[in-house]
Number of protein chains: 2
Amino acid sequence: MSNIQALEKEFREYVKKIEDFNEALSVLAWDSRIGAPKKGVQQRSEIIGTLSTEVFQLSTSNQMSNFIEKLTEKDVYKQLSIITQKTVDECKKKYERNVKIPKEEYKQYVMLQAESESIWEEAKDQADFDMFRPYLEKLLEFKKKFIHYWGYNEHPYNTLLDDYEPGIFVDTIDHVFSELRDGLIPLVKGVSESPHQPQTDFIYQPFSKEQQKHLNIDILNEMGYDFSKGRLDETVHPFAIGINPNDVRITTKYKEDDFKLALFGTIHEGGHALYEQNISEELIGTPLCDGTSMGIHESQSLFWEKFIGKHYSFWERNYQVLKKHSNGQFDDVSLEQFYFAINEAKPSLIRIESDELTYCLHIILRYELEKSLIEGSLDVKDLPEAWNEKMKEYLGVVPNHNGEGVLQDVHWSFGAFGYFPSYALGYIYAAQIKEAIVRDLPQFDQYISQGDYTLIHEWLKKHIHQHGAMKKPAEIIKDITGNGINAKPLLSYLNEKYRRLYQF
Amino acid sequence: MSNIQALEKEFREYVKKIEDFNEALSVLAWDSRIGAPKKGVQQRSEIIGTLSTEVFQLSTSNQMSNFIEKLTEKDVYKQLSIITQKTVDECKKKYERNVKIPKEEYKQYVMLQAESESIWEEAKDQADFDMFRPYLEKLLEFKKKFIHYWGYNEHPYNTLLDDYEPGIFVDTIDHVFSELRDGLIPLVKGVSESPHQPQTDFIYQPFSKEQQKHLNIDILNEMGYDFSKGRLDETVHPFAIGINPNDVRITTKYKEDDFKLALFGTIHEGGHALYEQNISEELIGTPLCDGTSMGIHESQSLFWEKFIGKHYSFWERNYQVLKKHSNGQFDDVSLEQFYFAINEAKPSLIRIESDELTYCLHIILRYELEKSLIEGSLDVKDLPEAWNEKMKEYLGVVPNHNGEGVLQDVHWSFGAFGYFPSYALGYIYAAQIKEAIVRDLPQFDQYISQGDYTLIHEWLKKHIHQHGAMKKPAEIIKDITGNGINAKPLLSYLNEKYRRLYQF
């Protein structure tokens, strides 16, 4: 073995250790959210703090610094495997980012995250913003200090975006989001004012949790979610978590008078999970064994939830499956009526229950608010009022209490500022991906109505899934479309679909 | 702060880090057993290996060696708090034990443990000993090498016993077990030959998992198990796991035509859990925050399962609760008939389903077999035959297949040789504890029939629970009885109870 090979091996083992700790942290995160004992919160936060500190220390150690220095030497770097090269790149980026934060502050931050998330759950239940407010203020204070340590170009929010959507900046988002908003306003207006509205009463009928669970499992199996590499649990806020490609877990939330919530939530999380289950096993033990960005991750969940799960062809096949698991509520409902009902579009309060037409307006609202919080042009204490005002302005509806308003999302409770834009970017990417798949697989609709996802899975695996974080978002979009980020495919999809449904 | 105080603080922080890693490992162990994805086994073993290696390195580092050297200096030691003193003692013992095992071998062993346990589950399901055999052979090989590294007095098995029941040796066990066996043989014979046998058909009636779950939760609540510091799940082999006193989880196994299996299993694990939930919080972050030995731990589970759960007074109160949750199967059954039925004693195949009269014979069999495996007088390949022969000799029954024979217990699948004797020691301790409680609380039976466990909890907490590993087994038994380990209380309890029930 040459010196370089020996160094490469040593580096990969070092990185594997970091990733093992990260996988343990993922299990702890999953555990905390699926029903770990309440009184264990404090001590569990300390465990998470200790493990995170270890990861932080290993990622910012002199040893890591030495690895980076030696392995990025031109003559050395070019002899490394492509996986090691990209691993070095990731480690270097993380090193440079992390080394600027004092260790003790980082540990306190991680402990605060765990505690805040648990407080948020209670605050949300009780619609009590003041209970959550001091935690949010502390989290924001940490984030501002971190931005100061990191430095930034042009806008402090840009450095946060880099965590979720590397290479995308405030000016791009401002541009794409405004194009989207300009396109959405007349559409939402047309839909609201149309005299042709769906009948939906048959949706909101009793549908037991047990029956819904069987339905969701059937649908996950049809989607190709591999239960031998995952499991389905129940939580307040649904999520997917990839511990490694062989262990990707999802959760859902059941509402017994609205089966849509769990079903489309499950398809959404299932889309995330399919991505992670299909990352190449070669990447295990490296930071590349993950989705390449939040936006691309979200494109996968949204592709499955909206472009498949809300597709007419999907229900040509699965309406029977739904009927089998339910209690006769759809007996007198035609497929067309049902399809219109599940695609009902109207302004509403809760992001995760909103429809594909109004969804991006929920995101734009959050993006603007957190940008203001970070800029300092908005105080946490004024957040509920600002939230409610924007809801009225964009969607014409106002929450009755903060539980269905500013407290509805988990994200801020663990300090994830800069995350929300990814959801709308995910929408935009998903529409671009859908367009590219239909170009390559013109019989797309037919495959879906037959429940045969073989070629679709192959396409997604080849172009997106297998690469993990080896390919960056812009590279993926460029490869499959020949172009950059573009809101037009999403806008034409929505225009075509909703003008036909609502007949205007 | 003096130099000694500073050193003490530094040491306690170092130990806290080790314990945080151990708590993470406990969550991973729990996760692996309650239904983690099958295909994730290999990678999860590696995570567990990495964390265990970290614990091992921290426990055997030069830094630990320095701490021990400095803190055990006479003038220093006496200035430490009593908790720190005992923590130093534990760390010293562990250091001296662990430093003799090469790191790489230990890591391989831990990975093998995780993998073997998963293979064992499959082998047990398929009653296929050959599937499990190579793993058992490898585990045994490791154990023999470890014994060689550690050294031992008189018998190689003694050094294994030290892991579970410090201060107890093969000669004591041989002595106490033979007294127990001599006492049990005529009793079992009398019971088997008695013409007065219980009617039991009403026990084995359909009793849905969902109904049993409600019953078990009611009983756990009555016992004082704190659900805000724990949770109940379902597994193939029931267990209790204490992550810390604020997070102590139990599992059970339901059989829909025998409610006894889950109910008494739950009470058993609940007894373990009460111990761990009541350890003083002052001990969190030290190796003392644990049961003091497997035997004392087992005395707590057996005390609740046998001396309370199988007690007539318990059912004076809870027979109604059972009836409420079941389907009328007990409508024509008197309390006396029911009490006789749940205390039925007869030789059987499965240890965890066996009764309190024959239970210790199952243990003596296992003890003798594993002692032979360690001595080298028995080969793994001959184990199933040896098992079956001893079953015939001691209990007069022979398994139809290895799934209900040699493969029935989880213990050997993670290399826990030396563990089994603790179960019978636990029985012996439990009877000694029961005698001491009745001496101090003569209205014991009345408290139980009233469902008022306040004074019993106080007694157990005061004499046993709160101390964690601060007091050693012999010290506890000495304090509460004024004497040493003694099989007589158990033998007189069993004689009195079973001669009356079976009328001989």
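Positions of Cβ are set from backbone N, Cα and C atoms, glycine also.
It should be emphasised that the depicted structure is a prediction, and the values quoted were computed from it without experimental measurement.
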Can you pick which of B:Glu222, B:Glu234, B:Glu298, B:Glu316 TrEMBL lists for the same Zn(2+) site as B:His268, B:His272?
B:Glu298
How far is it from B:Glu269 (active site, proton donor/acceptor) to B:Glu298 (Zn(2+) binding site), counting Cα to Cα, in Å?
9
Cβ neighbours within 10 Å, counted over all protein chains: which one of the recorded positions B:Glu269, B:Glu298 has the most?
B:Glu298
When you measure from the Cβ of B:His268 (Zn(2+) binding site), how many other Cβ atoms are you left with inside 10 Å?
25
Listed in sequence order, residues not in B:His268, B:His272, B:Glu298 with Cβ within 8 Å of the centre of the Zn(2+) site Cβ atoms:
B:Ala240, B:Glu269, B:Gly271, B:His297, B:Gln300, B:Ser301, B:Leu302, B:Trp304, B:Glu305, B:Gly426
